[in-house]
Structure formats: structure tokens, C-alpha cells
Amino acid sequence: MCAILADLKENSRVDGRELPFTNGAVPGEPVKKDENSRRGNWGNQIEFVLTSVGYAVGLGNVWRFPYLCYRNGGGAFMLPYFIMLVFCGIPLFFLELSFGQFASLGCLGVWKISPMFKGVGYGMMVVSTYIGIYYNVVICIAFYYFFMSMTNVLPWTYCNNPWNTPDCSGVLGGGSNRFNVSLANTTTSLVAGVSEVVNRTKRTSPSEEYWKHYVLNISDDIGNFGEVRLPILGCLAVSWFVVFLCLIRGVKSSGKVVYFTATFPYVVLTILFIRGITLEGAVNGIKYYLTPQWHKVLDAKVWGDAASQIFYSLGCAWGGLITMASYNKFHNNCFRDSIIISITNCATSVYAGFVIFSILGFMAHNLNVPVSEVADHGPGLAFVAYPEALTLLPISPLWSLLFFFMLILLGLGTQFCLLETLVTAVVDEIGTDWIIRNKTVVTLSVAIIGFLLGVPLTTRAGIYWLLLMDNYAASFSLVVISCIMCICVMYVYGHKKYFKDVEMMLGFPPPLFFKVCWRFISPVIISFILIFTVIQYKPITYNNYVYPGWSLAIGFCMAMSSVICIPVYALYKISRSPGATFRERLKFACQPHPSWGPALQEHRIGRYASLASEDTVESRPLREKQELKEEQKGELKEEPKEEEEEEDKERRDEISLTIQGSNGSTNTKKTPIPGEWGAK
């Protein structure tokens, strides 16, 4: 696949000119190394598409989508999922790509479109911060499994380990614990013995016990942190270090890495899928995956999970899509990109679900329990079901290394964009030449802070906090942010103006379906989902553990911390805006900033051509902050100018008095008579 992409990239250049396939090129436009020399651009369109696919196709496709299907009635979850994809996911994906590409600015800078709504950008940054903290913890666990796979026998294969309990039952006969050995001594009583024990207590797999009792060593309460799991902490440091290394040169370095990270996971998924469907009992798992439990469709929680999964998986409202698109060339066809990336992402989610449920069906068959009870709900599903499948493959340690390497790559692809979103927002906001030259220092600082904030998640209570952040920090707040973004762009800025902006950028207006979705369907659906989710709210649980009230309060604070940025900044902006009345200030705060529009002067045509030619991205940094200072300096300079004029006048008078004619009179501007010059 990489060879095909490279061939497409090579064939996209003919006689030194780029064909429409390349990023940002239009027929007849000469090739440019970087269209925007200050911020930089993607090397080509393939880098952007693969980066966006890597951003959208992440760990959520493996451990969150199957988990939500598992929790919400299997195939019944598919209906609201695809409805949300068509009417919300793809339209919002296209909206964010076109938004960032048009202005060539990150999630904070783009709100020059309506400065009062800049709080939406800050909300996106808060969401990306929360997700980036716990997302890297999941990646570090994948690193831990990767390192632990470097052995002859995978440690979660059998039930003869110190952390196993008498309820452990492995799918492989050898190496079982004493209880399983006693059953295996009498072949004729094996089935009866297993059935008897299953009736007394739920059996667990060695991979599940390895996850609970060894990797996590989970405590009994969210407030009981216990000790820091040093191996997990070390893997967390490795994970952040790798992310930092890949982003040293920003999109220039990460754009090259994605050629491998975005394509290799599909190879491993295909191998596991082929192996999974050949296992006994796999059909039952796939049936559970595809057979809808229609009564759950009436549950608003199912629809809320579908919407949040669309936003979570596609990356809507995180700020990452705006940031990645801001490095596109101005005329890149982001409409085509949005369709390709969205469909690829959701197809990957469904594909990964087949792999997961084929293994769940096999495990349920061997443990003699229903599919719905075969594994825990939560992100541990990927670290229970998948490791169990790996023990059934020939040379299982090799496949385990490949699989967890795939998980690492999937996670890093998303983490790259999360970190780049925060770094780009900081650099664009400060915007000095020093901060741009030393962008690596900003990247390192953000990585260090992210590592320190992730340390509590490596304790024995870390899984509780991870699930709390997942359910509250990255759930309904994404819905609110997306809804307000649609309202701002379509109704405050104006849908007609934005449609013309997109047409100026792409060469064609947005399709009618997207116009209708942006203005009506998407905001209405999101609003109803938010209302029903609040009405049918259920406190979070993990297995049989019920979260205490104080922890739920912290969860609500995390959720509100991103949303509260919107009204707080709006009030701040209104209070600082000029005007005699509140209405005048509100109107001024909603108006686009004078520098809003295409970043480069060569693209500022139409109504943007009348704006100051110097107000391009090359001269934008700190402009908003300096305007007030410049006005103050201007007021201070008015008085000195008047004094200077008076002083100049006096000096001219003095000079005129000192210049004397031959008759002793003052020399004036009267033109001398030629005869007089001759007499002298």
C-alpha cells in the first residue's frame, strides 16, 4: 500500500507542475515548496490524508467502538451510529476541515471569524488536553504488553501464575492451575466438572486475570490510589518521549511517519480477522455483534453514545481537524478528503468489531457463558479479548508483538495530532518570531506537562480515573462545542458568506445536503441528543463498582470546564469591546476581525481584496494584542507632534532672520531681479 501511495505521489507531478491530485494544487498552478513560508505546509496531499486517517482511526476503533456495541445491544447500536455519521459526523468533519484550511490558523486563531466565540477554541484545547492525558496512558499500557510479549510463552496464556485465582479457566490445556489439573486427570468427568464449577461461579480467562490482578493490580475504590505502578510509569515516559521525537519538526516530521503508522494496522487486523472467523464459536459472537436488540434503540443513552463515538472517533470538536487542515494549501479539495477519511474511519471501526466479536464468541464457547458476559465493559476489552486470541495463533509471542505494536501505532497517530493541536494553538496565539523558531521548546514543555498529569492514572486506582475522564471529559462536552460551532459559523457569521468562502477556496459551493445539515439538521439532532442524555443520565459504573458521589462531581467539573470557556470568554470579549450600550458591544464582538480571511495576500480576492494588504499571516502575530498598544502610542504621539510643529516653525523663523541681503534687509522668498545680481 505504501508503494502505491508513493507511486501516486510521484505521478502527481508532471513537468514541474502539480496535478489536481496533489495537496492544494489547481490546474496550471506551479509547484511550491511551501505555500505558507511562515507556518509551513504538508509535503503533499497524501501526508494530510494519511495523518487525518491516523488521527481519526485510533484506539477508539479497537477498544471503544466494540465496547459501545457490546454495552448497547450489539447490532442495535449500528442504526444510531450510522445516522449520526451521515447527518452529523461527515458534515461537521467537512465544516472543520474547510474552517481551518480557509484561514490557515489553529483552533484559537480561526475564531477571528467571530471573536466573541473564541471560547469555543479554548474549550477545544481543554478537551484535547483531557483526552491527550488519558489517551497516552492507554498507549503506555500497549507498550507494556509489547515489552511483556518478548518471551517464549505469553504470561497470560495459562492459569499457573501467582496472580491467578481458582476461577481461572484457560482455553489451552497445558499449564493450568491445580484445580484445572485435577479436572483434567479424569477425561470422562472433564465436561461435567467444568459445568459444575461454571454453575457455582463465573469463570474468568487468564488474560482477564492478568489484566486485573497483574497489570492494573486494581484497588477497591477510586480514592484508594495505592502505589504508582512503576512499569506503567516507565512506559508512560517512553510513550511521551516517542510522541515528542515524532513532532520535533512539526508536520514535516509527523507527515513522514504516517506512511507506516496509518497503513500497517490494517495488515494485522486482517490476519486476526482470518484467524478469528476460523475459531469454534466465532459465529455466535458475530451474530451477537450483528443482531440488533431493538428495545435498546429507544434508550437515549444509546443515541448519546453513538453521537459521542462519532465525535470521539472522527475527532470532531477536539480542534485537531482544524489544526491539521490549517497546514493545507489553500485550494486543497478538503470536501473529497472529508468523505474519504470519514468512511475509512467508520469502516475500520466496523471491521475491528468483527475481529473482536469473533474472539468473544470463541471465548464464550470455551467458558460456557453467554457472549454478553464473556468480558468486562471498558477499555480493558482490547487487553482481554485480543490477548486471548493471540495465544491461539502459532508463534503467539511474535503475533503479540505485532498486534501491540499496531495498537501503539494507532494510538500515536491520534496523539500526534492532539499534541500538535495544543502546540499550534500556543504558537499561533503568541506568534512572536522567537516562539516560532523555538517551537520545539513548546512541544517539549507540553509533553512534560502531559506526562506529569498522567502519573495519577498509573496508580492502582488509575483505571477508575481513566474511565471517569473518558465518560465525562470527552462525551457530552464535544456535542455542545460542535453545536455552538455550527451556530456561530452559520448564523452569527452568516451561512451565505461562509458558502462563498468555501466556493472561493474549492472552486465550487458546498453541496446542498451539507448546507442543510450545517444550518438545520446537525444542530437540531445534537441538541435533542444532549437533552435526552441529560434526562436519562445514569451514573458511571465499572463492573460491579459504583462510583461515589464526589468522584461524579469531579467528572461533571471536567465536563463543564471545557464548556464554561464559551460563555466566560464571550462576556470578557463583550466587556472589552467599544460601544455605549450592551447591544453595540455585542454587535462589535460578533463581527469578524479585520484580519479574518485567507492567510496569504494572493488568495485574498473578492470582498477580502479591500482589506489591508499588509494584514496577511506574515504580519499577523500579536496583531490583536498590539492594536491596543498602537492606539495608546498614537494618542501619546499626538501631543509631541504638535510641539514638534511649533518648534519647526520657530526654527524656520530664526533661520530667516539670520539670512541677510546686501542691503541689510531680511531675505525673503521674493525672486531677485537679474539686474540686481549683475550689479552685485
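Placement of Cβ uses the backbone N, Cα and C atoms for every residue, glycine included.
Caution: TrEMBL annotation is automatic and unverified by curators.
As recorded in TrEMBL, the features of this protein are as follows:
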- 48-66: transmembrane segment (TRANSMEM)
- Gly54, Ala56, Val57, Asn61, Ser313, Asn345, Leu410: Na(+) binding site (BINDING)
- 78-99: transmembrane segment (TRANSMEM)
- 120-147: transmembrane segment (TRANSMEM)
- Cys159-Cys168: disulfide bond (DISULFID)
- 230-248: transmembrane segment (TRANSMEM)
- 257-277: transmembrane segment (TRANSMEM)
- 310-327: transmembrane segment (TRANSMEM)
- 339-364: transmembrane segment (TRANSMEM)
- 398-419: transmembrane segment (TRANSMEM)
- 440-466: transmembrane segment (TRANSMEM)
- 472-495: transmembrane segment (TRANSMEM)
- 516-537: transmembrane segment (TRANSMEM)
- 549-572: transmembrane segment (TRANSMEM)
- 617-640: compositional bias 'Basic and acidic residues' (COMPBIAS)
- 657-670: compositional bias 'Polar residues' (COMPBIAS)
Non-local residues, at least 6 beyond the ends, that sit with Cβ under 8 Å of the transmembrane segment (257-277): 1-2, 5-6, 46-47, 50-51, 53-54, 57, 246, 286, 348, 351-352, 354-355, 358-359, 362, 386, 389, 392-393, 399, 402-403, 406, 409-410, 412-413, 416
Distance [Cα-Cα, Å, rounded] between Cys159 (disulfide bond) and Asn61 (Na(+) binding site): 30
Intrachain C-beta neighbours of Leu410 (Na(+) binding site), sequence separation six or more, cut-off 8 angstroms: Gly54, Val57, Gly58, Leu59, Asn61, Val62, Thr261, Pro265
Other parts of the chain folded back onto the transmembrane segment (310-327), taken as Cβ under 8 Å at six or more residues beyond its ends: 39-42, 48, 51-52, 55-58, 60-61, 64-65, 81, 84-85, 88-89, 92-93, 96-101, 103-107, 109-110, 121, 124-125, 127-128, 131, 251, 334, 341-342, 345-346, 349, 414, 417-418, 420-421, 424-425, 474, 477-479, 481-482, 485
Rounded distance in angstrom between the Cα atoms of Cys168 (disulfide bond) and Asn345 (Na(+) binding site): 36
Any further residue of that chain within 8 Å (Cβ to the Cβ centroid of Gly54, Ala56, Val57, Asn61, Ser313, Asn345, Leu410) of the recorded Na(+) site: Val53, Tyr55, Gly58, Gly60, Thr344, Thr348, Ser349, Gly413, Thr414
For Cys168 (disulfide bond), the number of other Cβ atoms found within 10 Å of its own Cβ: 24
Cβ atoms near Ala56 (Na(+) binding site) (within 10 Å, other residues, all chains): 29
Spatial neighbours of the transmembrane segment (78-99) far in sequence, C-beta under 8 Å, 6+ residues away: 69, 110, 113, 292, 297, 302-303, 306-307, 309-311, 314, 316-317, 321-322, 325, 334-335, 337-339, 341-342, 346, 350, 482, 485-486, 489, 501-502, 505-506, 510, 513-514, 517-518, 521-522, 525-526
Asn345 (Na(+) binding site): tally of other CB atoms within 10 A of its CB: 25
Same-chain residues at least 6 apart in sequence whose Cβ lies under 8 Å from Ser313 (Na(+) binding site): Ala56, Val57, Gly58, Gly60, Asn61, Arg64, Phe65, Asn345, Cys346, Ser349
Leading stretch by Cβ pairs under 8 Å, where the reference is the transmembrane segment (472-495) and the options are 48-66, 120-147, 230-248, 339-364: 120-147
Remote residues contacting the transmembrane segment (516-537) - C-beta distance under 8 A, at least 6 residues beyond either end: 84, 87-88, 91-92, 95, 299-301, 303-304, 307, 476, 479-480, 482-483, 486-487, 489-491, 495, 510
Contact set, same chain, for the transmembrane segment (48-66): CB under 8 Å, 6 or more residues outside the stretch: 5, 23, 42, 135, 138-139, 251, 254-255, 258-259, 261-263, 265, 309, 312-315, 320-321, 324-325, 327-328, 332, 337, 340-342, 344-345, 348-350, 352-353, 356-357, 379, 381-383, 386, 407, 410-411, 413-414, 416-417, 470
